[in-house]
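*Asks:* My structure is below; once you've seen it, I'll send some questions.
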């Protein structure tokens, strides 16, 4: 009887959890994006952007949508840290790749990095969302320009879900749409990468 | 916290109290780091003719306090010597954040650090409390010290996935990097 009741209780209270890793070059705005997501969904004021220093480590954000928990892992973007990213691949359900759309000089580097990430076998089939960040700056590359640059690589994404969306992590524009997109794709990909159940 | 204290804290008139625990092996630089923060927070007095007391190995632990921005830090500077590490666990319950100091020049003992770190992190009290950790890859001024990236690899820090952490290269003797680490930790503590 005890087992039955605790079992039912667990069933009742357990939540689906998905893990999303936030990648991208240094200074792309990954931590600012995470803080923005936290402030939108949790209603708490995040770290002020001017206080955000380069991440060499991990920042976590937990957000609940429709009784489902999304865990964001924001990883450091410096070149020496890229080798650590792949340690998270087997546990992640989606990848958010943040691009600094104002930094045209580093687009080649972004391309190479992005290609290395998505061609890794461990993330096969995982939904990929590319965010063209810093759209609050007028000179930033627009979504269609980013798409043009990345189209050749996108072919290699194969059958998986992918999308390029414009955001301004600083102002918060487009962030909710981005999370909504993720939520739908995580659910759609659940047979391939099933959620984790936790109490 | 009484009503008035809470009220004044919200207004920013009274600094909010946070307590942190500073851990790491012996001779990694914990006490020197704390001494730096205490010096930085105290009102600069007239230059004293006597030099500050030399840093000696901490026995047991020592309790220090300093202010940083709008936080009032209470620091438990734990001794890193093997026989005192048993004491660490008694302080986990009341701490809001961890500072872990690494002697980045001491490659031989990285394996010991790794073992100690994981035994700390797997302690029940810290499993329930997802408090943030800042690592100082200390002694960066010494030639041949490991970089933060190398420390991550040596200690398997990427396995820490249930709490926020950050690693900063530092030199306790010349103060480099210390504020960056503390600023990160302060930001983490303010959020809650």
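Any Cβ shown, glycine's included, is placed from N, Cα and C.
No curator has checked TrEMBL annotations; they are predicted automatically.
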*Asks:* Record says B:24, B:25, B:26, B:27, B:28, B:29, B:30, B:31, B:138, B:139, B:140, B:141 bind GTP. Source is TrEMBL. Which of B:80, B:187 does it list for that same site?
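*Replies:* The candidate from B:80, B:187 that TrEMBL ties to GTP along with B:24, B:25, B:26, B:27, B:28, B:29, B:30, B:31, B:138, B:139, B:140, B:141 is B:80.
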*Asks:* In whole Å, how far is residue B:58 (Mg(2+) binding site) from residue B:26 (GTP binding site) when you measure between their Cα atoms?
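*Replies:* Cα of residue B:26 (GTP binding site) to Cα of residue B:58 (Mg(2+) binding site) measures 8 Å after rounding.
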*Asks:* For residue B:30 (GTP binding site), just count the other CB atoms lying within 10 A of its CB, please.
*Replies:* 28
*Asks:* Could you measure between residue B:139 (GTP binding site) and residue B:31 (Mg(2+) binding site) for me? Cα positions, answer in whole angstrom.
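*Replies:* Residue B:31 (Mg(2+) binding site) has its Cα 13 Å from the Cα of residue B:139 (GTP binding site).
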*Asks:* DSSP three-state call for residue B:31 (Mg(2+) binding site): helix, strand or coil?
*Replies:* helix
*Asks:* Could you give the Cα-Cα distance between residue B:24 (GTP binding site) and residue B:31 (Mg(2+) binding site), in whole Å?
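*Replies:* So the Cα of residue B:31 (Mg(2+) binding site) lies 11 Å away from that of residue B:24 (GTP binding site).
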*Asks:* Express in Å, rounded to the nearest integer, the largest CA to CA distance found among the GTP-binding residues B:24, B:25, B:26, B:27, B:28, B:29, B:30, B:31, B:80, B:138, B:139, B:140, B:141 named in the record.
*Replies:* 21
